[in-house]
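As written in Swiss-Prot, here are the features:
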type: ACT_SITE; residues: 105; note: active site, proton acceptor
type: DOMAIN; residues: 111-344; note: domain 'Radical SAM core'
type: DISULFID; residues: 118-349; note: disulfide bond
type: BINDING; residues: 125, 129, 132; note: [4Fe-4S] cluster binding site
type: BINDING; residues: 175, 176, 207, 230, 231, 232, 306; note: S-adenosyl-L-methionine binding site
type: ACT_SITE; residues: 349; note: active site, S-methylcysteine intermediate
């Protein structure tokens with residue numbers, strides 16, 4: 001439920017910090033303050049991320065006193081699974097309930113090269129993209145780092161049943177990751193750490209709608225993480241129509257920030273381009289996009305959009321998608337069409353949560 005204001009207030013009053021929010025060095029510092037040896041941090045991380053226990057009593061190589069200190073200081077964040085949808089292609093979409101009653105989505109996608117998870121960083125979104133279900137209802141709050149980490153842990157628990165593992169992740173779920181920058185960075189470092197979830201940096205991707213100051217900041221981070229931009233239009237006028245954020249952060253300035261990122265890191269960026277029938281999917285749009293990206297070290301990911309009942313956009317015909325791709329290739333752009341997954345479930349970002357919220361208000 002997302003209307004239980006009294007319940008949310010009470011939850012905030014009784015909530016302890018999530019232990020999943022602590023990076024290893026922060027855990028070591030806390031242990032030092034408690035008069036405990038710092039090597040215990042590695043043991044605690046092993047229980048949390050390798051054995052994935054749900055309570056401190058199971059941490060049997062820790063003293064009873066330390067377990068009590070942990071229990072008094074931190075919650076082991078658990079997410080209540082409200083809905084679990086499984087697609088015919090193996091994609092699984094989870095609707096998780098948080099401690100305060102809000103709900104978020106997490107998606108498990110199966111590929112030939114392994115299992116990938118798409119995580120959420122906010123409850124709702126303020127960006128207001130006109131094609132996205134995530135922004136319906138606006139932004140409620142940011143997720144803590146531990147709540148983002150908990151999504152990976154919960155999905156990994158589900159995979160434990162079939163002896164599988166999460167091998168890669170994308171930060172492309174509900175919300176704008178760079179609007180929750182500090183918690184995002186803590187999350188990335190926890191899941192990347194060898195004593196944490198241990199997902200390689202080059203197997204992680206962060207996507208942004210284009211918050212320019214944070215792009216410059218992200219360029220200075222010492223992380224080899226893949227970077228993606230939600231572009232969706234080849235010019236300022238059309239992008240402002242599809243994505244209101246473009247009115248604050250103009251496309252020319254965005255491109256300058258992206259070029260800075262590329263020069264600073266030496267890494268290629270991915271441009272996500274959703275195709276909306278009759279809006280941005282014509283040959284002239286492809287030609288304009290090729291011109292915009294000329295000389296930019298990048299890859300374009302064309303996305304056949306999922307239908308969202310609350311939005312007016314329609315899917316681009318299959319033959320038009322291939323023509324758009326061909327036009328870009330002929331002009332030297334590195335481009336692929338994203339494989340559709342979860343097409344027979346509520347796969348569009350924010351769609352399952354929006355559906356649940358609608359049912360609650362009936």
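Including glycine, each Cβ sits where the backbone N, Cα and C put it.
With the fewest other Cβ atoms inside 10 Å of its Cβ, the least crowded of the recorded positions 118, 125 in this structure is 118.
Summary for the binding-site residues 129, 132, 231: the Cβ-based neighbour count within 10 Å is maximal at 231. Just so you know, the Cβ of residue 207 (S-adenosyl-L-methionine binding site) picks up 20 other Cβ atoms within 10 Å once every protein chain is counted.
A gap of 10 Å separates the Cα atoms of residue 306 (S-adenosyl-L-methionine binding site) and residue 132 ([4Fe-4S] cluster binding site). For the domain 'Radical SAM core' (111-344), the mean pLDDT of the prediction comes to 95. A 10 Å radius around the C-alpha of residue 175 (S-adenosyl-L-methionine binding site) takes in these recorded positions out of 118, 125, 129, in sequence order: 125. Within 10 Å of its Cβ, the residue among the recorded positions 105, 176, 230, 232, 306 with the fewest other Cβ atoms is 306.
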